[in-house]
Amino acid sequence: MTRLTFAVYGKGGIGKSTVTCNVSIALARRGKKVLQIGCDPKHDSTFTLTGFLIPTIMDTLQAKDYHYEDVWPEDVIYQGYGGVDCVETGGPAAGTGCGGYVVGETIKLLKELNAFYSYDVVVFDLLGDITCGGFAAPLNYSDYCIIITDNGFDALFAANRIAASVREKARSHPLRLLGLIANRTVKRDLIDKYVQACPMPVLELLPLLEEIRVSRVQGKTLFEMAETETSLMYVCEYYLNIADQLLTEPEGVIPRELADKDLFNLLSDFYLNTDTKTLNSQTQSFTPLKENSINKQKELDFYFV
């Protein structure tokens, strides 16, 4: 197998870092040398791997007075649980600069340190659904993009924007969309409605479990928690399944995202024609639309004129 690189995107708060950390460990359990790069100024992507907020690239550069030649791999790479190596880009103080710029500089620095290409798998964990500027830079270096979503309107709207970014990047880079991971999801009917209109694989449906949320608070991955709570071992199989799909090096897809109006019509039609009580039991991330579906459709048509 050649070196594999992938970037994880999705709506803010959807659980990207929790999923990414567990997939990184699953890849390590399959015998791969893994580097996870957290690309968020709040620098908490690798928290469940290391158990603490590791110093960031920005911290290290500031301490070295921005002399890149004085930075060594051990200054910026920290080993986490399961042998997964971790890097956090960090970023400037809020409102003072561009965090995306630091992402690009991180890739540049890791290349100069001959670290970027010394791993079997490199994983980028990106914040939110921002796919512009430096936050889109990982797509230039990735074989695949993975989108984290749930069975809700907002997450799928974000997924559609990310799919559009993958399509654009695929024009000039060997990038493909590997597929969706549905996180904290009981049902997948709205997801199925979306992928029918915008074809892409659904890699896994991760369960809605309190233990997964608690793992984030405790600073532990599900794999580490399962060492003492054997009832969680079955959950780890979900992440191992995702890792196995990655390691088969599938062809992936170049998505054809939906136009905004078409997406709104598709998803709003689902809500407007679904019993609210049933819907509440299926998704955790939606805001009910107005009961008057005729008025709502008029609002959507007016908005997209």
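The backbone N, Cα and C atoms fix where each Cβ goes, and this holds for glycine too.
Remember, TrEMBL labels are computer predictions, not curated facts.
Pulled from TrEMBL:
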{"type": "BINDING", "residues": "Gly13, Ile14, Gly15, Lys16, Ser17, Thr18, Lys42, Asn183, Arg184, Pro207, Leu208, Leu209", "note": "ATP binding site"}
{"type": "BINDING", "residues": "Ser17", "note": "Mg(2+) binding site"}
{"type": "BINDING", "residues": "Cys98, Cys132", "note": "[4Fe-4S] cluster binding site"}
Distance from Cys132 ([4Fe-4S] cluster binding site) back to Ser17 (ATP binding site), taken between C-alpha atoms, in Å: 20
Cα distance (Å, whole number) from Cys98 ([4Fe-4S] cluster binding site) to Leu208 (ATP binding site): 34
Cβ packing number for Cys98 ([4Fe-4S] cluster binding site), 10 Å threshold: 14
Sparsest-packed among the binding-site residues, when each Cβ's other Cβ atoms within 10 Å are tallied, from Cys132, Leu208: Cys132
Alpha-carbon distance [Cys132 ([4Fe-4S] cluster binding site); Lys42 (ATP binding site)] in Å: 18
Between Cys132 ([4Fe-4S] cluster binding site) and Gly13 (ATP binding site), the C-alpha gap once rounded to whole angstrom: 19
